[in-house]
Amino acid sequence: MKVSVLITLAVLGVMFLLTSAEERGSDQMDSPAWLKSMERIFQSEERECRWLFGGCEKDSDCCEHLGCRRAKPSWCGWDFTVGK
């Protein structure tokens with residue numbers, strides 16, 4: 001019973017958002033500002049180094065305090081150092 005009420009409320013919320021977007025105009029519905037801001041979050045970035053568990057070929061591929069573990073497949077692992 002609780003699940004069906006939650007699903008109904010979710011559907012009504014989505015319908016409300018769609019109808020309010022239609023009232024504002026199709027240009028705002030196609031590219032809302034929040035969608036553009038979310039787009040920036042998920043864009044891939046070129047990084048200078050590989051993070052923990054990232055693929056590598058040599059120690060210099062990995063970020064600071066990480067070293068290339070040459071088990072197959074090679075990956076960046078903590079080199080047991082701390083500090084700046």
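Cβ coordinates come from backbone N, Cα and C, glycine included.
Annotation source Swiss-Prot lists disulfide bond at C49-C63, C56-C68, C62-C76, citing similarity to another entry. Annotated valine amide per Swiss-Prot: V82, in sequence order, evidence recorded as experimental evidence. Here Swiss-Prot flags 1-21 as signal peptide, drawing on sequence analysis.
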For C62 (disulfide bond), the three-state class that DSSP assigns: strand
Cβ-Cβ neighbours of C62 (disulfide bond) (radius 10 Å): 25
From C56, C62, C68, V82, the recorded positions whose CA lies within 10 Å of that of C49 (disulfide bond): C56, C62
Residue among the recorded positions C49, V82 whose Cβ has the most other Cβ atoms within 10 Å: C49
Disulfide-bonded residues compared (C56, C63) - highest count of Cβ atoms within 10 Å: C56
Of the disulfide-bonded residues listed as C56, C63, C76, the one whose CA lies nearest the CA of V82 (valine amide): C63
Assigned conformation of C68 (disulfide bond) - DSSP reduced to three states: strand
